[in-house]
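Asker: Residues annotated as active site, nucleophile in TrEMBL: Asp189. Annotation source TrEMBL lists substrate binding site at Tyr248. As annotated by TrEMBL, compositional bias 'Basic and acidic residues' applies to 1-11. The annotation domain 'Pseudouridine synthase I TruA alpha/beta' is assigned in TrEMBL to 285-393. The feature region 'Disordered' is assigned by TrEMBL to 1-33.
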Amino acid sequence: MAKEMRKRAAAEGEGLVATEEASEQPKKARMPKKTKYAMLLSYQGQRYFGMQNQNDDKTFPTIESHLLNAMREHNFITDINRADPYTFYFQRCARTDRSVSAVRQEGLVATEEASEQPKKARMPKKTKYAMLLSYQGQRYFGMQNQNDDKTFPTIESHLLNAMREHNFITDINRADPYTFYFQRCARTDRSVSAVRQIVSMELPRNDDFLRDGPALLNALLPHDIRVFGIKRTTPSFHSQKSCDGRTYSYTTPTYAFAGCDEVTSDAYRISAERIAQINELLAVFSGTHNYFNYTARLEHDDQRCKRLVHSFKCDKPFLFMDPIHNREVEFITCYVHGQSFIMHQIRKMIGSVICVLRGFMYKSDLVRSFLRQRMDIPRAPGLGLLLEKVHFDQYEKRFAHTHGSLNHWGDEKEAELLEARDRLIVQRILREECETQSMMQWLSTLPMHQYILDPEDISGTNTSQLFVAGQNANAET
């Protein structure tokens, strides 16, 4: 009995001592918070046995073995991490083989002391915008931005400079517009104007840009470039790819369509029968055709030459008072609506119709121009060409009720656009034509073309008699 009591007391004493010692033990320190890191590497792999770590890194040195040793040397990782990189979730982006190099290789690691790292500032939320422009292109080298914008000023160079001046974009954006997904809807050539041109871009959300952007930009832009509105669009909006149609107009004096037996002068007045003949010829271009004869540096087999024209027709003629010669000149405008157009296509379509009406070509030659044979088709002057409208019919069906219409910017804006069209663009085209007589000068060059024959044939055996007669006439004068 006494022996059992002594054993019990001893056990209780030991338990008491153990309890006291346990109470004196310090609490365990909390593990530091961890975070993931991405590390960017570049290496010449000629001396290494690939990227991935090997067990015998002395015999088979790798990129990872050197990297892990360096990280252990600076106590960025522990010995356990060095022995087994998976303990800190080390992972390479791509596993390169022996002697293979890399310019940009990323590794993913998780390390401690993340709580001491400052948090990165969040990037401002960005949104897509559509901007409506109108411009008179007579003084500019087209729409698209050029590297030397001082020697070759363009519409985009002036627009980007104004946006940078108001800090809507950064210096990096100005140097490379693709960094903020800047895109034009249609690329107009030198001296070509536009009534409705839309550009898209992605910028930080800014209500001031929507509300005050047009007025602020117009204050810095030249008088012949105007911003009429800015709207938010869907994130996937792309002004060029989302556009499913473009409408151009070409304005010219009616004497351009006079016959070879009629006097070509400002006194010419076109008849209703002549307009019907013009529309009949313009209708030949409706549908999908191969327009390799209507552009430059493309061959018949190039799929880019296939274009769809929805409609092509003439409007009613109108009179304009020539301020230089103080007499009325009759003009007429042709409208063409198509999916898209290649360089020089519209001007050559107008030129070919004029040549048929003046007897230099047959109507059948218009159909033949879509075939494989190369032809010499004169290109009408660029002064009268005008981008009237861009169409977003599919976008309109899906997103007009949530993001607003891009085909119609409101009655007030549409009225301002029509006023700007007549005052800013059309009036200048008419005055410029009366002053320079560009169409009259171009008509005088028509006998110098070879038309249905290959213009690149320099052998002399494939030369039209009309071309020879034109050369002889010039030699005599």
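Every residue, even glycine, has its Cβ placed from backbone N, Cα and C.
Unlike curated entries, TrEMBL annotations are predicted automatically.
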Asker: Could you put numbers on the helix, strand and coil content of the domain 'Pseudouridine synthase I TruA alpha/beta' (285-393), residue by residue per DSSP?
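Answerer: Taking each residue of the domain 'Pseudouridine synthase I TruA alpha/beta' (285-393) in turn, the totals are 27 helix, 38 strand, 44 coil.
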Asker: At the level of the C-alpha atoms, what whole-angstrom distance separates the residue listed as 'active site, nucleophile' and Tyr248 (substrate binding site)?
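Answerer: One finds 13 Å between the Cα atoms of these residues.
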Asker: Between Asp189, Tyr248, which of the recorded positions has the fewest other CB atoms within 10 angstroms in the structure shown?
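Answerer: Each of the recorded positions Asp189, Tyr248 was scored by Cβ atoms within 10 Å; lowest is Asp189.
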Asker: Indicate whether Tyr248 (substrate binding site) is helix, strand or coil by DSSP.
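Answerer: The residue in question, Tyr248 (substrate binding site), is strand (DSSP, three-state).
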Asker: Across the domain 'Pseudouridine synthase I TruA alpha/beta' (285-393), what does the mean pLDDT come to, as a whole number?
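Answerer: PLDDT averaged over the stretch: 92.
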